[in-house]
Amino acid sequence: MIPVITIDGPVSSGKGTVARRVATGLGWHLLDSGALYRVLGLHAERRGVALDDEMRLVDLAEQLPVEFREGGNDTAVLLDGEDVGQIIREERVGELASQVAVLQPVRDALFARQRAFAQRPGLVADGRDMGTVVFRDAPLKIFLTASAEERARRRLGQLKEKGFDANLATLIEDIRTRDERDMQRAVAPLKPAPDAVEIDSTELSVDQVVERILDEAGARSLT
Ligand code: C5P
């Protein structure tokens, strides 16, 4: 059994940062499943495939020429050999991702690819349905939340750091729309697994959240 820690939660809940820190702390692999959906959305756009053309999207998902190269602080994301790490973080691409992600056959097409990330000594998987669908058998599942306002503030900080322009009110609105779509969709809706540990990070630092998760992992003899 390869141990897996799943970290699910809404957009900008801090999953990405926390998942990377936990993976680095344990020396485990990392799966950023959102990046897969983002790359697929971008690939579809570039190939001129409509976001509701299920059959062609499934084809693209099955053949997706994506490669993740794990580095210390970062993972390079290559699409057809091109580094798209920066582009896929744009809000526009998040929107594309969220649209292709509502299609069950597309999710099925990405399922095996995600499972394949479970390699020794262990995996930290971040996304929306890691604990409920993809790694239902994981020994530790985290559901990370924070208020929409706090998440928008964090997102604004990240965007500004990267030199993108953004506006807080618009970001709050975008986050609410995306939450709504992710939670209301018929397939793999965003929700905590029944056996998930819920952590509200509105008032917590990244360090505190990471510590809490490592404690939970220790309590399950995963470390
Ligand atoms: O986590 P991130 O913001 O990168 O994800 C982008 C979009 O991909 C999400 O809004 C969601 O619709 C979709 N997604 C998903 N299932 C996952 C990860 C992401 O549906 N496991």
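Residue positions begin at 1 at the first shown residue.
A Cβ is built for glycine as well, from the same backbone N, Cα and C atoms used for every other residue.
Residues or ranges marked as domain 'Cytidylate kinase' by TrEMBL: 5-216. For Gly9, Pro10, Val11, Ser12, Ser13, Gly14, Lys15, Gly16, Thr17, the entry in TrEMBL reads ATP binding site.
Cβ atoms within 8 Å of the centroid of the Cβ atoms of Gly9, Pro10, Val11, Ser12, Ser13, Gly14, Lys15, Gly16, Thr17 (the ATP site) belong to the same-chain residues Val18, Leu144, Ala146, Arg151, site residues excluded. For ligand 1, the neighbouring binding-site residues among Gly9, Val11, Ser13, Lys15, Thr17 are Val11, by Cβ distance under 6 Å.
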